[in-house]
Amino acid sequence: MEKKPSNNNGENLSWGSGTLSLAIVALFALLIRVLVSLHPYSGSKDPPKFGDFEAQRHWMEITLHTPITDWYRNTTYNDLTYWGLDYPPLTAYQSYFHGLFLHYFHPKSVEIFTSRGHESPFGKILMRWTVLSSDILVFFPAAVYFVVVYYGSRRGKNRKEDMVWHLALILLSPCLILIDHGHFQYNCISLGLTVGAVAAILGNNDLVACFLFSLALNHKQMSAYFAPAFFSHLLGKCLKHRNPFLRVSQLGLVVVGTFILLWWPYLSSVKAIMEVLSRLAPFERGIYEDYVANFWCTTSVLVKWKRLFTMQQLKLLSLSATLTSLLPSMVQQIKSPSDHGFIYALFNSSFSFYIFSFQVHEKSILLPLLPASLLALEEPLLFKWLTYYALFSMFPLLCRDNLIIPYIALLALFILICYPPNGRRQPTSRTHSMFSLKTLVMILLLLSSFILQIMYLTLRPPERYPFLFEAMIMLLCFSQFVLLAGYTNTKQWIFSNSSTLMEKEKKML
């Protein structure tokens, strides 16, 4: 009797080709990062303080040559007025290990005092490699982990194609690549740890998620933008657990244990703890600095917040506005926690912080952009629109860094990935007239942004209004950010209501 061929070989072959496709996407994403790193960076040839490149290099120098207890303290060897360390301990440890790497291959690039403003070609290559290796070791595996978990329980003939496509959209995010590998930062570490934590929650590994997100919080304090979503989702799940107190205690022990482990060198005294904490909250800079597209900076065109209110009053206003805007999203997750709603909550929480919190930077838009990328295939228009305006909001910053060529190239690559010739079909609206109206509005908005970019590059603003173009870019981007935040908050509650109805119907059946 002739045996029928087993499906296992075909399935293994399919998964093998899928794995190969994921690897090709990762290699291409790595190549793009290398090409961007060939361009200038923040503060290149711009003494006396240079820029973010010098800040990161200086932290390597300081952590390498001073005692760990002096890393956040003003001393003879650590002048805090010259790029003092202002990120949590995990960033300091990262700087130390990267400093060891630079010291081994090129000691002059991290020598105490004499290396300030160091810009040798070999030193630049080594610095760029520290970011590339961080991306490879943290963000890339986290992204793969997410798509594997996210599509693990799904069925359908396009599942593997969706995984590859989704990974490409996450790894080829133009904003993250330009900031980390162009401007020069290490956002890939904190964002990668956050993606890993999200994937762990989707895989029902809540203890692992708490550990990974605690690491993210201890790498960059801006990761707190996601904290309300993690807290409310996990609390909602704990309340539905058969032993809520035990579950909360388990999660709490992981969080506290991780913090104790990372903060151990500074737990010797309250003074040592406060020295670190004081460096993490830059209140002295004011409620905003540059033309960032958030509420305070945008409305300052009409309301002079810094003149009308004291610093303490602005802190309270900012805190109140942030908490008020993110509260509905938190309530929804505590009431009806779900994996789907959790990703929307991440978006809504991070956008609330971006729009209303104190001292927001242009680069902070990377945080709401992360959950948008996790929803890329489910909410394609949200992801594409936010990515474009996030990139546009950073346009003046990238111009100052002489990153126009990679800006244009990555924008073109992003458009090609989202709209490939003979590629994936995009969903269309059922109502032709509404679709036409929406399309017309979108075209006008895109045309406006394009004209603003040309004006910024070719025209000089009036002497009376030297930052006119930056203000116009800020206003346009802020209007889109508010619309997107309103949409996702509404979507989170609609999804919650539909899920509740489905559960009731199942019980009735």
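Note that Cβ sites are derived from N, Cα and C of the backbone, with glycine treated the same way.
Automatic, uncurated: that is what TrEMBL annotation is.
Given the structure is predicted, the values throughout are model-derived calculations rather than measurements.
Feature annotations, courtesy of TrEMBL:
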type: TRANSMEM; residues: 15-36; note: transmembrane segment
type: TRANSMEM; residues: 129-151; note: transmembrane segment
type: TRANSMEM; residues: 163-179; note: transmembrane segment
type: TRANSMEM; residues: 191-216; note: transmembrane segment
type: TRANSMEM; residues: 251-267; note: transmembrane segment
type: TRANSMEM; residues: 341-358; note: transmembrane segment
type: TRANSMEM; residues: 365-383; note: transmembrane segment
type: TRANSMEM; residues: 403-419; note: transmembrane segment
type: TRANSMEM; residues: 440-459; note: transmembrane segment
type: TRANSMEM; residues: 465-487; note: transmembrane segment
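Between the transmembrane segment (15-36) and the transmembrane segment (403-419), three or more CB pairs separated by 6 or more residues in sequence fall under 8 Å, so the two stretches touch. By the Cβ criterion (distance under 8 Å, sequence gap of 6 or more), the transmembrane segment (191-216) is counted as touching the transmembrane segment (365-383), at least 3 such pairs being found. The listed stretches are 341-358, 365-383, 440-459; of these, 440-459 has the most Cβ pairs under 8 Å to the transmembrane segment (465-487).
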